[in-house]
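The structure appears below as structure tokens.
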Amino acid sequence: LLVGVILRFGVHVPQSTSDLVLSCAVNASPATLLVNVSGRFYEYTLKGEVSRSKGHQVQDDEMLRKVTFDPEVFFNILLPPIIFHAGYSLKRRHFFRNIGSILAYAFFGTVISCFVIGLIMYGVVSFMKFVGQLGGDFFFTDCLFFGAIVSATDPVTVLAIFNELKVDVDLYALLFGESVLNDAVAIVLSSSIVAYQPAGDNSHSFEGMALLKSLGLFLGVFSGSFALGVATGVMTALISFHRFDHVTKFTKLRDFPLLETALFFLMSWSTFLLAEACGFTGVVAVLFCGITQAHYTYNNLSPDSQDRTKQLFELLNFLAENFIFSYMGLTLFSFQSHVFNPLFIIGAFVAVFLGRAANIYPLSFLLNLGRKNKIGSKLQHVMMFAGLRGAMTFALSIRDTATYARQMMFSTTLLIVFFTVWICGGGTMPMLSFMSIPVGVDSDQEHSGSAVLDGSQRRNTKHESAWPFRIWYNFDHNYLKPLLTHSGPPLTATLPACCGPLARCLTSPQAYE
């Protein structure tokens, strides 16, 4: 913020008008202009509109543009390490114990929040138009898009404090799991809303077929990204398994931890590129690739590579998140097209609060009907309070700032992020004390991507989980883990007797040990 203030108001570049042409009669504003100067052609690129009142600030604006990044940098370079680390550092035991509730909050809760915020903001925008406070077009689809991007929670501050204080493990798992998955849901949901295109001249009218197409796009892109991420993770597990080393006489990767770590990193990064090339969402694919890598591939790596991969992605996540938050402060003053409207800002804060409430409280009530370990009212209040907005919300909002509506959304989103991080994040400790949330709880935490849980922990996790997970757990433990890793029971003990030769071929020698 301070650097942005200095750049905007404290530094002025001397204006030179000797090489500046102030008038050129062109009826359009093409992205690229070829200028014929005495038979020689020169290419000029459009950088943006300059109002007449700011004609003397061209050089200052040029300097501010130099500290402005292409929004695609965030999506293609900075977000993948953050999302991959979220999946790779997942504490799987507590995550899967609460998998049903996490999926409900992440999917149904995010959609509910999106539509609640969208409807409230549509009312606010209609009122602004009525009183003459709206300076451009703002459609219902824009309101839904705003609802989708501000429904992505990023409670990094709260979770850091929770981890330090050892707060209730179920509260930690619910918040962390929701924030990880709802980022993915918000990305696909926002792209589906943008893809909503009714037939006819009015592209913002309601049409059932266009709505079904957007819903189909949402399901198709999310499931495709999920499948691609899991497939790449499984492929990496097979490569790192070295199952046929004794047959092929290939050099074992485990003997070269640096090469093993590099291959692990490149396979993970290729997931993002492959998903984008296939028309899916790379960030979603990377998330599920990270979860799969932690569950299978990690157990096949050498001890050195286990430490290196964990520290590498932890460092990349730390650098990327800090860069994004630093850039947020800079952008508040360096961005050229801010639109701050007090009515829209106040309405947005109220809508975000009500959208979060509509996500947490009704779903918690319904989930408690089937949960043995109930989500208490105090935990619900903390989850409501801890719904911070951060890197994902910022990246989604800055990706498109071409229209008046998107510029107003971006400016308001910045203020929402600042408020939730400073006020809600900074108020976490007093909130925990006020709600009498116990701290110092022995979480019996599973280290992310750790070696295998002992038998008693496995049984506890299995019996504490929902029945779909118990079915999946048995299949994974008896067949997938022995097939893809060196852990789990030998396949000779789990497959039918008629599959004995195949089971002996596919079982790792370490599994017998």
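Note that Cβ sites are derived from N, Cα and C of the backbone, with glycine treated the same way.
If you look up TrEMBL, you'll see 67-432 marked as domain 'Cation/H+ exchanger transmembrane'. TrEMBL lists 73-90, 102-124, 144-162, 216-241, 262-295, 315-335, 342-361, 410-432 with the feature transmembrane segment.
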Within this structure, do the transmembrane segment (342-361) and the transmembrane segment (144-162) have 3 or more Cβ pairs under 8 angstroms, counting pairs 6 or more apart in sequence?
yes
Select the range from 73-90, 102-124, 216-241, 262-295, 342-361 that forms the most Cβ-Cβ pairs under 8 Å with the transmembrane segment (410-432).
342-361
Counting only CB pairs under 8 A, let me know which of 73-90, 102-124, 315-335 has the most with the transmembrane segment (342-361).
102-124
